[in-house]
Amino acid sequence: MAALRAAKQAMRREIKKRVAALDDQEKLRQSRVISQKLFKHPKYASCERIAVFLSMHDEVRTEEIIQDLFKHGKTCFMPKYLTQGTSNHMDMVKLTSMEDMMSLPLTSWNIRQPTANDNTREEALETGGLDLILMPGLGFDRNGNRLGRGKGFYDTYLERCMKHPKGKPYTIALAFREQLCQDIPVGDNDVLIDEVLYDVLD
């Protein structure tokens, strides 16, 4: 267990270094390519209830995706992270518009999310579940293994999804090329993702 944790930490440092070397223009260019790939994806076209992360500076930009979700009348959910002591919890709560998103306060991670006492929003698993989750992460391999930030938010949430009548949603990770690795070290609690979208070099 300690060896796995050390291997993950070393890989996190390496990937963070690679992503940090990208300038904003290149991040935006890759993000646009990935967004266009997603818009043509049959799963994206057929899914109605979609959860998407609000991107941090070292993640694929998702603003264009969120705009597209609203444009096509899909139901958009976003993460609401709750950290209390050593326990980490995440819900996927409904976002109603771009204006709604822009009105949310910024967290210490510099991402927008509803406040802890905002309990008025629909939570996906309390209603119709989810069809698709667009996944963030630090690193990915082509077998669907994902390296998160070590908090376990998404792995735990996907386990909760499996208990919902709708079952586990399809999962697509959005990644910069620099986040792809040969092999991601994983443990028993790491949930495989279905697919990774990234900009392929010609």
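Any Cβ shown, glycine's included, is placed from N, Cα and C.
Keep in mind that TrEMBL annotations are predicted by a computer and have not been checked by a curator.
Annotation comment: TrEMBL describes Lys8, Gln9, Ala10, Met11, Arg12, Arg146, Leu147, Gly148, Arg149, Gly150, Lys151, Gly152, Phe153, Tyr154 as ATP binding site.
Here TrEMBL flags Leu54, Glu59 as substrate binding site. Sequence-distant contacts of Glu59 (substrate binding site), defined by Cβ-Cβ distance under 8 angstroms and a gap of at least six in the same chain, are Phe53, Pro136, Leu174.
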Leu54 (substrate binding site) versus Ala10 (ATP binding site) - Cα distance in angstrom: 26
Leu54 (substrate binding site) and Lys8 (ATP binding site), Cα-Cα, nearest whole angstrom: 24
Residues Lys8, Gln9, Ala10, Met11, Arg12, Arg146, Leu147, Gly148, Arg149, Gly150, Lys151, Gly152, Phe153, Tyr154 binding ATP per the record - widest CA separation, whole Å: 21
Which of Lys8, Arg12, Lys151, all binding-site residues, has a Cβ with the fewest other Cβ atoms inside 10 Å: Lys151
